[in-house]
Amino acid sequence: MKINSPLEAYKYLPQTNCGECGQPTCMAFASTLIDRSGKTTDCPPLIKEKKFAKKLAELDRLLAPEIRQVTIGVGERAANIGGDDVLYRHKLTFFNKTKMFFDVADNMDEAAIVERVKKISDYKKFYVGRNLLLDGVAIRAASNDPAKFATAVKKVIENTELPVILCSFNPAVLKAGLEVAKGKNPLLYAANKDNWKEVGELALEYNVPVVVSAFNDLDGLKTLAKTFAEAGIKDIVLDPGTYPTGKGLKDTFTNFLKIRRAGIMGDTEIAYPIMAMPLTAWMAGIADPVSASYWETVLSSIFTIRYGDIMLLHSMEPYATMPEVHLAETIYTDPRSPVAVDSKMYKVGNPTADSPVLFTTNFALTYYTVESDLASNGIDCWLLAVNTDGIGVEAAAAGGQLTADKVKDAFEKSGFDLKSDVTHNSVVIPGLAARLQGDIEDKLNVKVMVGPMDSGRLPGWMEKNWPPKK
């Protein structure tokens, strides 16, 4: 994105404040364009009226991310990769979390293919209020047989809505897979110095994204990308090679940095998403599968942190997948807006009028930790999330985001009446907010009980202190 101010975007808008975009003014709409919550297509006059055509074209150029965004697959589970504007998250944010594709091979039994595909599709890990999922299936042509590969591709797409990558350096094999996957917008892997012409023709014929590959050869990689772009292929992914150990790993890491830095700094010929292949850990001569899986996770972590937009992985063991999806979720959290839950009164279990009332902040990690500690120990209660702008208890209490007035306001907005909805007229507050006890008692005219410093101690605390003494 070559502009970062709503004022700069505003110059290219109709400036009529018609409201057709859903915003009250064109300046408000310009703000949505800058933070990427809105698109130029949301402005009907800009799209429909010919007099704005030049402004629209220029605005689209200015708003385009420095790294091209590429879409793989179709429908709700389509995977968007790339689309970044910065090298460091704190300067804006990272967009389009690293996508993780897990492999199947066409020489596996059909039943084994189906089982693995369903395992990939059904993977779900609840974390801080959302489900973390896997993103797609990479189908490897281990047999190098077009017919066998086509059968495997057919079996995969019959059993999942996830996007797929067709993996082979043999154009005939890729063509067989493309025939089966028509309309699914698969990613082709890959074009190299030997097959680039044939694979490029396939990408154009079937209108699908394609990977260009040159192992540890950035000049060759750039040449391939430039050649494909000049041929009219827009959706390109870069594979500089992923060496799993030693100097090769160091070179791989350096190549990722060079590619992304060049793209962000304006070299459009190489400003494309980057593919990492942590599954090369299984080719590093590590005999023990647990150790190989561990090293694959290490590689995944390295390239999640440093510019890997899409990854090919193998191990489906929980000890491998959990850290991979957790790290990606953490790195791609938007620093401009802390992860928060709605500020309201929540029921934990099946609370009654005799159940305890507690509050915490609306920082998602804090809320779900407290809620989990209560629910897992069978404590039925009322739990209020106070709006602290997504800040945890200790920091919010110290910084003024958590005050007695904020707590009172949260109770009032929730519609929960401590005098009529419960029989005990008591509130349990976090131990880290003990300093607020007196103020809350004065503001709410209730009995305030100071809970433990850590929500993990709530079960023991409840046994000793609940119900409150009259």
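Cβ coordinates are placed from backbone N, Cα and C, and glycine is handled just like the others.
Marked as [4Fe-4S] cluster binding site by Swiss-Prot on the basis of sequence analysis: Cys18, Cys21, Cys26, Cys43. What Swiss-Prot records for 1-60 is domain '4Fe-4S'.
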Which are the residues of the chain, Cys18, Cys21, Cys26, Cys43 excluded, whose CB is within 8 A of where the CB atoms of the [4Fe-4S] cluster site average out, their centroid?
Leu13, Pro14, Thr16, Asn17, Gly19, Glu20, Gln23, Phe29, Asp42, Pro44, Pro45, Leu46
Taking 10 A as the limit, how many CB atoms besides its own sit near the CB of Cys18 ([4Fe-4S] cluster binding site)?
14
Check Cys26 ([4Fe-4S] cluster binding site) against DSSP and tell me helix, strand or coil, would you?
helix
In the domain '4Fe-4S' (1-60), how many residues does DSSP put in helix, strand and coil?
33 helix, 0 strand, 27 coil
